[in-house]
Structures are given as C-alpha cells and as structure tokens.
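What Swiss-Prot says about this protein:
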type	residues	note
BINDING	T49, C50, N51, R52, S109, E114, T115, Q116, Q120	substrate binding site
ACT_SITE	C50	active site, nucleophile
SITE	H99	site 'Important for activity'
BINDING	G189, A190, G191, K192, M193, G194	NADP(+) binding site
Amino acid sequence: MHILVVSVNYRTAPVEFREKLTFQAAELERAMTTLQNQKSVLENVIVSTCNRTEIYAVVDQLHTGRYYIKKFLADWFQLEIEEVAPYLTIFEQDGAIDHLFRVTCGLDSMVVGETQILGQIKDSFLEAQQVKATGTIFNELFKQVITLAKRAHSETTIGESAMSVSYAAVELGKKIFGELTDCHVLILGAGKMGELALQNLYGSGARKVTVMNRTLSKAEIMAEKYMGHAKPLSELQCALLEADILISSTGASDYVITKEMMTKVEKMRSGRPLFMVDIAVPRDIDPAIDELEGSFLYDIDDLQGVVEANRAERLKEAEKIQFMIEEEIVLFKTWLSTLGVVPLISALRDKALAIQSETMESLERKIPNLSDRERKVISKHTKSIINQLLKDPILVAKEIAAEEGADEKLALFAKIFDLEMEDVESRAEEVEHKRVWTPSVPSL
C-alpha cells in the first residue's frame, strides 16, 4: 500500500485555473464516494479550499493510483488530463505524509501559520469517514495529524502574528483608503470568510457596513454582531452604487457581479472609484471588470504581498513545528511498519487460545465435577499464562517488523510457532481492505 497526494494549489496554479478544480461543499461526499470506486484507490480524503484542491489517497500501486486520480479530477470537472496535469504536484510516501502535516499545521498556507486550514482538514476527514472512504491507515494518520496541528499552535507563537486571507483583504483596503471610518463597505457572503472580513473591518473602525447574502437571515445575524446592515442579494446593484470597498466571498459557482452589471453601475457612480477584493474561489467577480476605468479589482492571488508582514518571525516558529512534524512522521511510520505484523500476531494468539480451549475441554472431561466458579478461575489463569508467555514474542515481532529484511525474519518467526502462512496471508488481506469508522477526533 502507498500514500499519495495529488495537489493543485496557489503555488502551482493561478486562481483562474484553481477555480476550475474547486469542489463545492455540497458535492464533496459524492466526490469521495466516486473516487473510492476508482481502480487502485483504497482510501481517500478530498480537501478543497480557496487556495488548494488536494486528494489524499491510499493506493495499491503508485503508477496506477496517480493515473486514475488524475483521470478522476479531469472527468469530474469535464477537462482533459492534459489540461490538468501541468498544474498538479504529486507527493508520494514520506513526501505525502510530510505534506499533510505541513498543510494542516498551516506551514504550506499563503498565510504561514493560519489556523483555518486545520478546521478545513478536520471537516474533510470527518466527511470522508461518513461515506466510509477512510480505513485503517487514514483513520490513524489524520487523527495524528490533527492532534499535532493543535499542539503546534498551542506550543508555538506562529498563529499570533499570522493574518487570515480575510484580514489581508481588509489590510489592502486600509492601504488604499487609510482610515475606513467614512468608507461604505459592502460584504458579499455570510460564511466564515465573510464574517472574518467583517470582524476585521469593525476592528479597523469601519461602521458603514452592508452585508448581503442569498439567505437574508444569515446576513442579518452577521451584520447585527458588528453594527452593520443587511440587505437581500436582489438589491446588489443599488448597494454597488453606494459602496467604496467591496469584499466578496459567496461560494457561488457563477459570477455574482458581471462586467455588464458593473458597466451599468459605473455610469451611475459619477466617476467614483470602487475597490473590489474577491477572495472567493471560484471567483465571484468577473475578472473582465478590471478593464473598466472606475473599478479596481483584486483577487486572492493579489493578496500575496499583503500577507508577507511578519513572515520572517513566523518562519522561525515554522522551523520548530517542522521538527515536531519529523518526530511524528517517525512515530507514524513505526506504526505503519507494524501494521503488517498484526495478522501474524492475531494468528499466534488464536493458536494459543485454541490450545487453551482444548486443554479446558480435556480438563472438564477428566474432572467433570468442577463448579462453574472453579471452571472460570482455571480458565482465567490459563489465559493469563498464555498472555504472559506471548508478551515477549509479540514485542519482538513488532520490533522485527520495523527492521530491514523484516519479511524473512517474520517468516522464520511464523515457522518457529508453526503458524500456517496461508492463514496469515488471508488475515493480512482482511486488514488491508478493512474499513474502520472511528468518528472521534481531537477537538479544535
């Protein structure tokens, strides 16, 4: 079995391509179920955010797994593999494990050290568990990753100076306007990104804020928290006439603001400029709007320069976290290496218990007048003897499994205890394809 990551992210692809490979939240479970039925794929988790779409998979063959995951991406988004391939980065084995740790800890984010990705990884993992797309390996790996990411943020100061993408959008507005007190700000979208932007706007002195959302009640709840006003999305054109700054993050699949709409609005704004920051992927605002004279459009990739603040300080903390990651990878690989010895240990235990059971039957035939209490006491103590005898051999087997040339040594181990290899191999196949649903993960 092999661990594989296929990634398209802000480093490898511009936003105009990333938006073509973005899974909507409502379709994520169906996507993981579909991927689970692809050839070679044994387990999978799909993570799709504004800055990355990544497929984490356990596959039986690396070459076959790579091909069918790329084919799945191309087919799902109705593209050719040749269109998708140049923008993909593929991580395998140790590189894949390290990448998952780094992403979850915020070390691979545009904003180094941000914590939002931790929640996104956790949510994706839980969704994958719901549709039984994870198994023995990913259930262990993702729980270990989430636990470490939480510890990394509590034991270092990397998150203290990190800014979110929403914060960066507000900072860009401040660079352009200076004080935001007299600016009319329009927020499109009442999700997490929109609320973070509104929270940062309020902290920067903005008080003339309008929130718009397809579901008006969500906009009203969010606006009320920060002394803003809520309006239905049907009044968007009128709201654009009043705004000085627009921050948009709706999660819509099509443009919410088109060039045609903005052309009409500009004619009624009497030359007043409108600064628009689109932090949605797929984008909410037609990029062609940037061609208009009075509209100044920035997308999520344009925020790179803004988020560089305090980067050197955060990179020092990132080095500490990378060391923690390397320690965790060693622990995970040790666990992974012992996974293959589980069927051998299981066969050894079963053989020992079979001997104990036969011994108890023989004893009961020879001493038929045993009371129930006496039978239980004898059974308990004979099982205790077995456990004591097996303790050291099992520990040795686990140590051997982590060594080079383990297969030959474990074969000798099986021969010493006269274990049937066909039975061991059958158990190994069961472990390999086992789906274990363990929904409890560390809280954030």
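Glycine residues also receive a Cβ, built from the backbone N, Cα and C atoms like all the rest.
T49 (substrate binding site) sits 11 Å from M193 (NADP(+) binding site), taking the Cα positions as reference. Secondary structure at S109 (substrate binding site), taken from DSSP and collapsed to helix, strand or coil, is coil.
Listed in chain order, the extra residues whose Cβ falls within 8 Å of the Cβ center of the NADP(+) site residues G189, A190, G191, K192, M193, G194 are I187, E195, L196, A197, N213, M222, S249, T250, G251. When Cα-Cα distances from N51 (substrate binding site) are compared across the recorded positions H99, G191, M193, the shortest belongs to M193. Within 8 Å of the centroid of the Cβ atoms of T49, C50, N51, R52, S109, E114, T115, Q116, Q120, where the record puts substrate, the same chain has further Cβ atoms from G106, M110, V111, I117, V165. With the fewest other C-beta atoms within 10 Å around its C-beta, G191 stands out among the binding-site residues G189, G191, G194. Sorting the binding-site residues T49, S109 by the number of other Cβ atoms within 10 Å puts S109 first. With every protein chain in view, the residue among the recorded positions H99, K192 whose Cβ has the most Cβ partners within 10 Å turns out to be H99. Other Cβ atoms within 10 Å of the Cβ of T115 (substrate binding site), summed over all protein chains shown, number 20.
In space, C50 is the closest of the recorded positions C50, H99, T115 to G189 (NADP(+) binding site), judged by Cα positions. By the criterion of other Cβ atoms within 10 Å of the residue's own Cβ, the least surrounded of the binding-site residues N51, Q120 is Q120.
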